[in-house]
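For reference, the structure is listed below as structure tokens.
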Amino acid sequence: GGAGRLRGSARLELLRAPGGGGGGERVLRLDTHRSVNVRGAALLPPPGTARHGDPPGPDALQPLPVQTEPFASFGRALLITLPRAEQRLSLQIDYEAGEGPGVCWLAPEQTAGKQKPFMYTQGQAVLNRSFFPCFDTPSVKCTYSATVKVPEGFVAVMSATSWEKKEDNTFVFEMSHPIPSYLIALAVGDIVAADVGPRSRVWAEPCLIEAAKKEYDGVIEEFLAVGEKLFGPYVWGRYDILFMPPSFPFGGMENPCLTFVTPCLLAGDRSLADVIIHEISHSWFGNLVTNASWGEFWLNEGFTMYAQRRISTEVYGLAYTCLEAATGRALLRQHMDNTGEDHPLNKLRVVIEPGINPEDTYNETPYEKGFCFVSYLAHLVGDQSKFDAFLQAYVNRFKFQSITADDALGFFLEYFPELKEKGVDSIPGFEFSRWLDTPGWPPFLPDLSPGDALMKPAEELAELWAADGLNMEAIEGVDITAWRTYQLVYFLDQVLQKSPLPQGNVEGLSKMYPKMSRSQNAELRLRWCQIILKNDLQAEYSKVKDFLHSQGKQKYTLPLYRAMWAGSEAAQALAMETFSATAPQLHVNVQNYVKKILGLEVAEA
């Protein structure tokens, strides 16, 4: 356990912005973190004077004065005084890092193989300043290259368009397209790769690689090809997936060329591939066209949800996609009920005051209300193929740039002059400014009725199981063999809402549908565990314990601890016993969230 150390030097090649004034600003301001120890900075000889790849000799380095000053709880400012107002500058900053929130060190017991440690970085939103000094804002994009030396027996991978292994267990990476700082990512561990398509491979610990290959062989290319047909060329070269250790607290992180995902996606039945569709969609929306500020995160996530559901409609059909979107809408409803609709976070253009950590504004709104707004734009156009063509033009117009909502909506009106003429940006009740700046439930909801064909049977079956005295004839008349994951999830959500069920019904349900009650699929396991706890089915407590031992994803872990803590004495005892056994394998943030639920002391960060 404990943090390891990263020792390195960051080399920045800078071009002075035009209009910087004749004298030019003499102080360069970068983002850094209290956990980063900057050992010094120096000016390098101008690019082109040394042979490429040769480190400059010590006499060629001109040391520069460096100081840090407070900025906010989540970072510090690094000030470097520059000697003269040259147009082009090359700097080298020597530093040590490792204790910061953007760099995660896992002990062997937190990995799947339990033999060797693992480290990874997580940059979004403002954490990479604790990984290396940088301009840590999504409004700035740059290319990067990196040379990473790791101990024997470990492999390094990065979000880069090319990588090669040199002698001395050193890996060299290059990202040839400009990206924002939050998408630079590194992972180091005992990992191996397997090809699953012409431009895709899966990376995982050796004990998971077979499962990863089986789950994703052939499917990635299908998703990429549909994405390209809809949104234009996939520019990043490769699309690889790294299966993280079970303690990874998120579903996925869309690092370009190499998405980091939870091993929960290895369901064994290819049923959770839609999470991958979401991350693939970020290849156009988020990674290629990026929000210039975290206050307009819907430009990343609203467009990505729309793109994900377009790909899903092509691959899985409209009914299934509407069902998945209905579960998303339910999450938005839940969020707005919890916070109150008029909470300032429930609008698409959030004002993030100086010093406020963008991380603390994270919620469902940019995803699902953003999806509704993009769907509303499509509704204004009224023709799916025309709107698809607009999305392709939008990506082409803004690729490799960071933009604001005004840029995006201005381009929409420019692309459809007839809509601009009709004044669609100011239709009473649906004004673009209202969407952006007024909190509340979306003024327009896309029609999800094509999903009714899948939802109605699930609702009716849940009704049957909630009845006093089961009508077994009616229950046996419902054939669920063809139901796909989200239909089963929807059914279990309905059962959970109706729980606790009459005496004996849950036992009957469990026996009748082993494909739900004994599923290895994480989404189904979560719901089944919630049903066990809501009905206090102590005979199946071991399933709750097993699920929490098998993974540490925040979205699954916290609801189960909340349910146990709200349950019987036996359920509360189960919570304490499970947490004391699994705490070491959880991400530190997740450990702290669980401690809060259980009323335990949280150590100060």
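Every residue, even glycine, has its Cβ placed from backbone N, Cα and C.
Caution: TrEMBL annotation is automatic and unverified by curators.
Note that this is a predicted model, so its numbers are computed, not measured.
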- Query: Looking at the ranges 1-20, 41-60, 81-100, 541-560, which is given as region 'Disordered' in TrEMBL?
  - Reply: 41-60
- Neighbourhood of Tyr367 (active site, proton donor), C-beta criterion under 8 angstroms, separation at least six: Trp298, Glu301, Gly302, Met305, Gly328, Leu332
- Apart from the site residues His278, His282, Glu301, the 8 Å Cβ neighbourhood of the Zn(2+) centroid comprises Glu254, Glu279, Ser281, Phe285, Gly286, Asn300, Thr304, Met305, Ala307, Gln308, Tyr367
- Residues near His282 (Zn(2+) binding site) by Cβ (under 8 Å) yet at least 6 apart in sequence within the same chain, in sequence order, are Glu254, Asn300, Thr304
- Query: Among the recorded positions listed here, Gln124, Phe250, His278, Glu279, Glu301, whose Cβ has the fewest other Cβ atoms inside 10 Å?
  - Reply: Phe250
- Message: For the C-alpha pair, I'd like the distance in angstrom between Phe250 (peptide binding site) and His278 (Zn(2+) binding site), rounded off.
- Response: 13
- Query: So which of the binding-site residues is most packed in, judged by how many other Cβ atoms lie within 10 Å of its Cβ, out of Gly252, Glu254?
  - Reply: Glu254
- Starting from the Cα of Glu279 (active site, proton acceptor), work out which of the binding-site residues (Gln122, Gln124, Gly252) are within 10 Å. Gly252
- Cα separation, Gln122 (peptide binding site) to His278 (Zn(2+) binding site) (Å, whole number): 18
- Of all the binding-site residues here, Gln122, Gln554, which one's CB has the most other CB atoms within 10 A? Gln122
